[in-house]
Amino acid sequence: MRRPIIAGNWKMNKTIGESIELSTALKRVLFDEGSVDIVLCPPFTALSEVAETILDSNLALGAQNCFWEEKGAYTGEISPLMLKDLGCKYTIVGHSERRQYFGETNQLVNKKIKTLLKIGINPIMCIGENLEERESGKTFDIINNHIEGGLLDISSDELLKITIAYEPVWAIGTGRNATPEQAGEVHRFIRKKIEKLYNGESATLLRIQYGGSVTPENISDLIKDPDIDGALVGGASLKSDSFVKIVKAASNK
Ligand code: PGA
(Lines of atoms letter the chains of each structure in order from A and count residues from 1; the text may use other names and numbers.)
(Lines give C-alpha, C1' and ligand atoms only; values in the text may rest on other atoms or scores of the structure.)
Protein backbone atom coordinates (compact mmCIF):
# COMPACT_ATOMS: atom_id res chain seq x y z
CA MET A 1 0.00 0.00 0.00
CA ARG A 2 2.96 2.30 0.54
CA ARG A 3 4.94 2.65 -2.64
CA PRO A 4 8.68 2.11 -2.03
CA ILE A 5 10.95 5.10 -2.61
CA ILE A 6 14.67 4.95 -3.39
CA ALA A 7 16.57 8.23 -3.47
CA GLY A 8 20.20 8.69 -4.51
CA ASN A 9 21.99 11.43 -2.59
CA TRP A 10 25.06 12.22 -4.68
CA LYS A 11 26.30 14.71 -2.05
CA MET A 12 29.21 16.89 -3.24
CA ASN A 13 30.16 14.58 -6.09
CA LYS A 14 29.92 14.62 -9.90
CA THR A 15 30.68 17.31 -12.43
CA ILE A 16 27.98 18.26 -14.91
CA GLY A 17 29.40 15.83 -17.46
CA GLU A 18 29.55 12.99 -14.94
CA SER A 19 26.01 13.76 -13.79
CA ILE A 20 24.67 13.56 -17.32
CA GLU A 21 26.52 10.29 -17.84
CA LEU A 22 25.13 8.68 -14.66
CA SER A 23 21.56 9.91 -15.12
CA THR A 24 21.56 8.81 -18.77
CA ALA A 25 22.69 5.32 -17.78
CA LEU A 26 20.08 5.08 -15.01
CA LYS A 27 17.29 6.24 -17.28
CA ARG A 28 18.21 3.62 -19.86
CA VAL A 29 18.27 0.72 -17.40
CA LEU A 30 15.43 1.72 -15.08
CA PHE A 31 12.84 2.84 -17.63
CA ASP A 32 10.43 -0.02 -16.88
CA GLU A 33 10.68 -0.04 -13.07
CA GLY A 34 7.11 1.04 -12.47
CA SER A 35 6.50 0.00 -8.89
CA VAL A 36 8.99 2.18 -7.05
CA ASP A 37 9.60 5.93 -6.84
CA ILE A 38 13.15 6.70 -7.95
CA VAL A 39 14.70 10.05 -7.03
CA LEU A 40 18.07 11.43 -8.13
CA CYS A 41 19.59 14.20 -6.00
CA PRO A 42 22.62 15.58 -7.86
CA PRO A 43 24.53 18.67 -6.69
CA PHE A 44 22.86 22.04 -7.43
CA THR A 45 25.28 22.69 -10.30
CA ALA A 46 24.00 19.69 -12.25
CA LEU A 47 20.26 19.91 -11.51
CA SER A 48 19.42 21.62 -14.75
CA GLU A 49 21.22 19.10 -16.96
CA VAL A 50 19.93 16.09 -15.03
CA ALA A 51 16.41 17.53 -15.27
CA GLU A 52 16.78 17.61 -19.03
CA THR A 53 18.24 14.10 -19.18
CA ILE A 54 15.43 12.49 -17.19
CA LEU A 55 12.59 14.50 -18.69
CA ASP A 56 9.57 12.28 -19.48
CA SER A 57 11.08 9.32 -17.63
CA ASN A 58 10.15 7.51 -14.42
CA LEU A 59 13.07 9.17 -12.62
CA ALA A 60 12.32 12.19 -10.45
CA LEU A 61 14.62 15.07 -9.61
CA GLY A 62 15.52 16.04 -6.06
CA ALA A 63 17.78 18.62 -4.42
CA GLN A 64 20.01 18.00 -1.42
CA ASN A 65 19.13 21.16 0.49
CA CYS A 66 17.38 24.52 0.14
CA PHE A 67 16.93 27.84 1.91
CA TRP A 68 13.75 28.60 3.87
CA GLU A 69 12.72 31.82 2.11
CA GLU A 70 11.35 32.08 -1.38
CA LYS A 71 13.61 34.98 -2.41
CA GLY A 72 15.60 37.92 -1.14
CA ALA A 73 19.00 39.09 0.02
CA TYR A 74 20.48 35.74 1.06
CA THR A 75 23.78 35.56 -0.77
CA GLY A 76 24.69 32.11 -1.97
CA GLU A 77 21.43 30.40 -1.06
CA ILE A 78 18.99 28.48 -3.27
CA SER A 79 15.26 28.84 -2.75
CA PRO A 80 12.55 26.17 -3.12
CA LEU A 81 11.01 28.38 -5.80
CA MET A 82 14.19 28.07 -7.87
CA LEU A 83 14.23 24.31 -7.31
CA LYS A 84 10.63 24.04 -8.45
CA ASP A 85 11.54 26.05 -11.53
CA LEU A 86 14.25 23.47 -12.31
CA GLY A 87 11.77 20.61 -12.05
CA CYS A 88 12.61 19.32 -8.57
CA LYS A 89 9.88 17.14 -7.06
CA TYR A 90 11.78 16.38 -3.84
CA THR A 91 14.29 18.07 -1.55
CA ILE A 92 16.31 16.52 1.26
CA VAL A 93 16.23 18.54 4.48
CA GLY A 94 18.01 18.09 7.79
CA HIS A 95 20.62 15.66 6.54
CA SER A 96 22.99 14.86 9.41
CA GLU A 97 25.89 16.36 7.47
CA ARG A 98 24.00 19.64 7.37
CA ARG A 99 23.11 19.39 11.04
CA GLN A 100 26.75 18.60 11.89
CA TYR A 101 28.71 20.96 9.62
CA PHE A 102 26.26 23.80 9.05
CA GLY A 103 24.42 24.02 12.36
CA GLU A 104 21.06 23.05 10.88
CA THR A 105 18.57 22.84 13.75
CA ASN A 106 15.10 21.32 13.97
CA GLN A 107 13.73 24.84 13.77
CA LEU A 108 15.47 25.50 10.46
CA VAL A 109 14.43 22.09 9.15
CA ASN A 110 10.83 22.95 10.04
CA LYS A 111 11.03 26.33 8.25
CA LYS A 112 12.45 24.69 5.14
CA ILE A 113 9.75 22.01 5.14
CA LYS A 114 7.01 24.63 5.38
CA THR A 115 8.36 26.62 2.44
CA LEU A 116 8.86 23.47 0.35
CA LEU A 117 5.28 22.37 1.01
CA LYS A 118 3.98 25.81 0.12
CA ILE A 119 5.87 25.72 -3.18
CA GLY A 120 4.78 22.13 -3.90
CA ILE A 121 8.01 20.17 -3.40
CA ASN A 122 8.04 16.95 -1.37
CA PRO A 123 10.48 17.13 1.55
CA ILE A 124 12.63 14.16 2.56
CA MET A 125 13.27 14.85 6.24
CA CYS A 126 16.35 13.13 7.68
CA ILE A 127 16.44 12.19 11.33
CA GLY A 128 18.71 9.97 13.38
CA GLU A 129 21.01 9.53 16.34
CA ASN A 130 24.80 9.53 16.45
CA LEU A 131 26.91 6.76 17.95
CA GLU A 132 27.27 8.35 21.36
CA GLU A 133 23.53 8.90 21.56
CA ARG A 134 22.82 5.30 20.59
CA GLU A 135 25.34 3.91 23.05
CA SER A 136 23.96 5.99 25.89
CA GLY A 137 20.40 4.82 25.19
CA LYS A 138 19.16 8.14 23.79
CA THR A 139 18.11 6.97 20.32
CA PHE A 140 14.37 7.31 20.90
CA ASP A 141 14.76 10.69 22.62
CA ILE A 142 16.63 12.01 19.58
CA ILE A 143 14.02 10.58 17.20
CA ASN A 144 11.23 12.19 19.27
CA ASN A 145 13.06 15.48 19.27
CA HIS A 146 13.76 15.49 15.51
CA ILE A 147 10.16 14.55 14.70
CA GLU A 148 8.49 17.00 17.06
CA GLY A 149 10.76 19.86 15.97
CA GLY A 150 10.83 19.10 12.26
CA LEU A 151 7.08 18.56 11.95
CA LEU A 152 5.92 21.43 14.17
CA ASP A 153 2.62 22.87 12.84
CA ILE A 154 2.57 20.52 9.84
CA SER A 155 -0.98 19.30 9.11
CA SER A 156 -1.89 15.66 8.49
CA ASP A 157 -2.53 16.45 4.80
CA GLU A 158 0.88 18.06 4.50
CA LEU A 159 2.52 15.18 6.34
CA LEU A 160 1.67 12.80 3.51
CA LYS A 161 3.85 14.83 1.13
CA ILE A 162 6.81 14.18 3.41
CA THR A 163 9.09 11.15 3.45
CA ILE A 164 11.01 10.54 6.64
CA ALA A 165 14.51 9.16 6.21
CA TYR A 166 15.81 7.40 9.30
CA GLU A 167 19.56 7.74 9.03
CA PRO A 168 21.58 6.71 12.06
CA VAL A 169 24.65 8.95 11.84
CA TRP A 170 26.97 6.08 12.82
CA ALA A 171 25.88 4.18 9.71
CA ILE A 172 26.38 6.98 7.18
CA GLY A 173 29.40 6.50 4.95
CA THR A 174 30.91 4.04 7.43
CA GLY A 175 30.17 0.74 5.71
CA ARG A 176 28.37 -0.29 8.89
CA ASN A 177 24.66 -0.33 8.13
CA ALA A 178 22.02 -0.70 10.82
CA THR A 179 20.79 -4.28 10.87
CA PRO A 180 17.23 -4.81 9.58
CA GLU A 181 16.24 -5.39 13.24
CA GLN A 182 17.82 -2.13 14.42
CA ALA A 183 16.33 -0.12 11.55
CA GLY A 184 12.94 -1.84 11.81
CA GLU A 185 12.72 -1.10 15.52
CA VAL A 186 13.25 2.62 14.96
CA HIS A 187 10.90 2.70 11.95
CA ARG A 188 8.15 1.20 14.11
CA PHE A 189 8.91 3.73 16.83
CA ILE A 190 8.59 6.55 14.26
CA ARG A 191 5.25 5.19 13.05
CA LYS A 192 3.95 5.00 16.62
CA LYS A 193 5.10 8.54 17.24
CA ILE A 194 3.27 9.74 14.11
CA GLU A 195 0.17 7.89 15.27
CA LYS A 196 0.33 9.78 18.57
CA LEU A 197 1.01 13.17 16.96
CA TYR A 198 -1.48 12.72 14.11
CA ASN A 199 -3.58 9.56 13.77
CA GLY A 200 -3.48 5.93 12.72
CA GLU A 201 -4.17 6.65 9.07
CA SER A 202 -1.27 9.11 8.83
CA ALA A 203 1.02 6.59 10.49
CA THR A 204 -0.05 3.90 8.03
CA LEU A 205 0.39 6.09 4.96
CA LEU A 206 3.67 7.85 5.82
CA ARG A 207 6.70 6.58 3.96
CA ILE A 208 9.82 5.96 6.03
CA GLN A 209 13.07 5.13 4.26
CA TYR A 210 16.27 3.90 5.81
CA GLY A 211 19.66 5.48 5.06
CA GLY A 212 23.21 4.62 6.06
CA SER A 213 25.60 2.38 4.10
CA VAL A 214 22.85 0.84 1.98
CA THR A 215 24.35 -1.44 -0.68
CA PRO A 216 23.13 -4.00 -3.22
CA GLU A 217 24.20 -6.63 -0.67
CA ASN A 218 22.12 -5.43 2.27
CA ILE A 219 19.07 -3.82 0.63
CA SER A 220 17.09 -7.07 0.22
CA ASP A 221 17.13 -7.80 3.94
CA LEU A 222 16.36 -4.20 4.90
CA ILE A 223 13.48 -3.82 2.46
CA LYS A 224 11.86 -7.03 3.68
CA ASP A 225 10.94 -5.30 6.92
CA PRO A 226 7.28 -4.24 6.64
CA ASP A 227 8.03 -0.78 8.03
CA ILE A 228 11.00 0.03 5.78
CA ASP A 229 9.64 1.71 2.66
CA GLY A 230 12.85 2.31 0.78
CA ALA A 231 16.29 3.83 1.11
CA LEU A 232 18.23 7.05 0.94
CA VAL A 233 21.46 5.97 -0.68
CA GLY A 234 24.74 7.87 -0.63
CA GLY A 235 27.91 6.11 -1.78
CA ALA A 236 26.14 3.30 -3.64
CA SER A 237 24.12 5.83 -5.67
CA LEU A 238 27.26 7.14 -7.39
CA LYS A 239 27.58 4.14 -9.67
CA SER A 240 24.89 3.03 -12.05
CA ASP A 241 25.15 -0.72 -11.41
CA SER A 242 24.92 -0.55 -7.62
CA PHE A 243 22.06 1.98 -7.63
CA VAL A 244 20.16 -0.08 -10.22
CA LYS A 245 20.46 -3.21 -8.07
CA ILE A 246 19.11 -1.33 -5.05
CA VAL A 247 16.15 0.03 -7.02
CA LYS A 248 15.34 -3.41 -8.43
CA ALA A 249 15.43 -4.99 -4.95
CA ALA A 250 12.99 -2.36 -3.71
CA SER A 251 10.64 -2.77 -6.64
CA ASN A 252 10.23 -6.44 -5.70
CA LYS A 253 8.86 -5.50 -2.29
P1 PGA B 1 25.76 6.42 2.60
O2 PGA B 1 25.02 7.84 2.79
O3 PGA B 1 24.83 5.54 1.83
O4 PGA B 1 27.02 6.74 1.83
O5 PGA B 1 26.04 5.89 3.95
C6 PGA B 1 23.66 7.90 3.08
C7 PGA B 1 23.23 9.33 3.26
O8 PGA B 1 24.00 10.10 3.84
O9 PGA B 1 22.13 9.73 2.84
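Cβ atoms here come from the backbone N, Cα and C positions, even for glycine.
TrEMBL: automatically predicted annotations, no manual curation.
TrEMBL annotations:
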- N9, W10, K11, G173, S213, G234, G235: substrate binding site (BINDING)
- H95: active site, electrophile (ACT_SITE)
- E167: active site, proton acceptor (ACT_SITE)
Original post:
To the nearest whole angstrom, what is the C-alpha distance linking S213 (substrate binding site) and the residue listed as 'active site, proton acceptor'?
Top reply: 9
Subject >> DSSP three-state assignment (helix, strand or coil) for G235 (substrate binding site) >> reply: helix
Subject >> Close-lying binding-site residues around ligand 1 among N9, W10, G234, where CB distance stays under 6 Å >> reply: N9, G234
Original post:
Between W10 (substrate binding site) and H95 (active site, electrophile), how far is it from one CA atom to the other, in Å?
Top reply: 13
**OP:** Using C-alpha atoms only, work out the spacing between the residue listed as 'active site, electrophile' and G234 (substrate binding site) and round it to an integer in Å.
**Re:** 11
Subject >> Fewest other Cβ within 10 angstroms of its own Cβ, chosen from the binding-site residues G173, G234, G235 >> reply: G173
Original post:
Do you know which of the binding-site residues N9, S213 has the most other C-beta atoms within 10 angstroms of its C-beta?
Top reply: N9
